[in-house]
Amino acid sequence: MDKKKDISMSVIKRLPKYHRYLGNLMRNDVDRISSKELSEKIGFTASQIRQDLNCFGDFGQQGYGYNVSELYSQMCNILGLTKVYRTVIIGAGNIGQAISNYIGFEKLGFELRAIFDINPKLIGISIRDIEIRDIDYLGDYLRENVIDIGIICVPSNNGQKVCNILVKNGVKGIWNFAPVDLIVPEDVKVENVHLSDSLLTLSCLLNDIE
């Protein structure tokens, strides 16, 4: 969707929360909801909700509100959840194994195709019937298989090296858990998850309370 290029990142960051809450409403058989009611559940202002959704089209009707199932379907389209994304994990340590074992991602359309690691003790072990491969063969695997997203779960000193291999072999999406800011071409999208950043944010908030 070309229009996304003009949408602020702050709006895009809020979309998964809309998706999650709308899914919960559907499971609870809620057919329609006003922006005010959604505001009370999701924690955004009603005005913010209307502005966010208007970025992608006219979804609500005055006096009626939003049709929950239709809005959920549109949110899936906006988030790209109508396709299947082929993924690989590089780094089978604690974080890599936790992601590998989480089946919720597959329900959203993110299929795990392969896992790679440098540790001889891990190579050959299977996680959910996917055998951990030697990272030396990552490039060969990517040349032989189309992969959409690479999930980097390696130490910071290897993060950029792994990223370079992914980019060189056509991977356009990187979910980065390595504590390093990656350098990538403009056509490659990176989502960083620096766990310590989140924890330090919490510690700052706690410190402010005290």
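Here the Cβ of each residue, glycine as well, is placed from N, Cα and C on the backbone.
Now, the feature entries from Swiss-Prot:
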- 17-56: DNA-binding region (DNA_BIND)
- Gly91, Ala92, Gly93, Asn94, Ile95, Gly96: NAD(+) binding site (BINDING)
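Residues Ile89, Gln97, Ala98, Ile99, Asp117, Cys153, Val154 surround the recorded NAD(+) site, their Cβ atoms falling within 8 Å of the Cβ centroid of Gly91, Ala92, Gly93, Asn94, Ile95, Gly96, which are themselves excluded.
In this structure, the binding-site residues Gly91, Gly93, Gly96 were compared by how many other Cβ atoms lie within 10 Å of their Cβ, and the smallest count belongs to Gly93. Ranked by how many other Cβ atoms sit within 10 Å of their Cβ, the binding-site residues Ala92, Ile95 place Ile95 at the bottom. The secondary structure of Gly93 (NAD(+) binding site), as reduced to three states from DSSP, is coil rather than helix or strand.
The Cβ of Asn94 (NAD(+) binding site) has 9 other Cβ atoms within 10 Å, all protein chains considered.
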